[in-house]
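Q: My questions all concern the structure below.
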Amino acid sequence: MTGIPSEVAEPAVERLRAAGLDPAALPRHLAVIMDGNGRWARARGLPRIAGHRKGADAVRDLVTHCAEFGLQYLTLYSFSSENWKRPLAEVEGLMGLLRRYLQSEIDTLDRQNIRFRVIGARGRLSADIQTLIAKAEAQTARNSGLTLVLALSYGAREEITLAVQTLATAVRDGRLAVDQIDEAAIAAALSTPDIPDPDVVLRTSGEQRLSNFMLWQAAYAEFIFTDTLWPDFDKAALIAALRTYAQRDRRFGGVDG
Ligand code: IPE
Ligand code: IPE
Ligand code: MG
């Protein structure tokens, strides 16, 4: 990892250096499995939704820090395809927080030059939330700073299944030959055709699993697990994770150096 990416603007470089971070060793794409909201609330005798509310505050702060550090891509696993199994009241609480986030944050994201994107089965979300998402994506589409990807109603197996259907349909219709199905064709049929693979998958709350997150894209990601519960994940925790990443030796099957 040598050379400062030209995309990392000068103020970002200053901020990184001030935080003791090497701008040349910054991940291009940080993906976060934000876990532990429920346990954060339970430890305080509060309802689970209080943890989700505090978790949403942590999201706002993280997005700002990542944009200020000049990170290019941040993906946040916000609601999985499996999370629909949760009690209706919790699902509705989470959707309420999402609605409020979309209503109140998008102008701020836009001012921060952030491009907003959603991956996942958005058709399962309520119509008004789908409209807010479409509006947010359109409003911020031409921004050139951080790309913020929310994984909502997202499941990697579902994503891969849809990609297989897309490719099979193209073969059936004579638009694609079987031997044209290569890794690039599969990647292009996923929900992230224009987003580089995550360099880091970070999971909070001590759990060490992917929970159906980016199974294809995370093939060579560095995994960072921290016991910190998501609502407590602050700027210091982000800096610690970025330092851990900078110390990793990524060999991609090759040899050192
Ligand atoms: C993460 O926190 C938020 C979502 C999965 C939506 P959890 O709600 O999973 O919190 P724990 O794992 O129960 O502590
Ligand atoms: C993973 O967390 C999904 C999100 C963070 C959105 P979960 O809390 O749902 O995962 P499991 O059930 O512990 O695997
Ligand atoms: Mg959890």
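Backbone N, Cα and C atoms are what each Cβ position is placed from, and that goes for glycine too.
Summarising the annotation, TrEMBL assigns active site to D35. Sequence annotations record features per position, and here TrEMBL assigns active site, proton acceptor to N83. For D35, E222, the entry in TrEMBL reads Mg(2+) binding site. According to TrEMBL, the feature substrate binding site maps to 36-40, R48, H52, 80-82, W84, R86, R203, 209-211.
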Q: Of D35, W40, N83, which recorded positions come close to ligand 3, meaning Cβ under 6 Å from one of its atoms?
A: D35
Q: May I ask for the distance between R203 (substrate binding site) and the residue listed as 'active site, proton acceptor', taken between their Cα atoms and rounded to an integer number of Å?
A: 16
Q: What are the non-local neighbours of the residue listed as 'active site', defined as same-chain residues 6+ apart in sequence with CB under 8 A from its CB?
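A: Listed in sequence order: R203, T204, S205, E207, L229, W230.
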Q: Per DSSP, G36 (substrate binding site) is which: helix, strand or coil?
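A: Coil, per DSSP.
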Q: Quick test of your reading of the structure: among the binding-site residues R203, L210, E222, whose CB sits under 6 A from ligand 1?
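A: Checked binding-site residues vs ligand 1; nothing flagged, none.
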Q: What Cα-Cα separation, expressed in whole Å, is found between H52 (substrate binding site) and E222 (Mg(2+) binding site)?
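A: Pair distance, Cα basis, whole Å: 26 Å.
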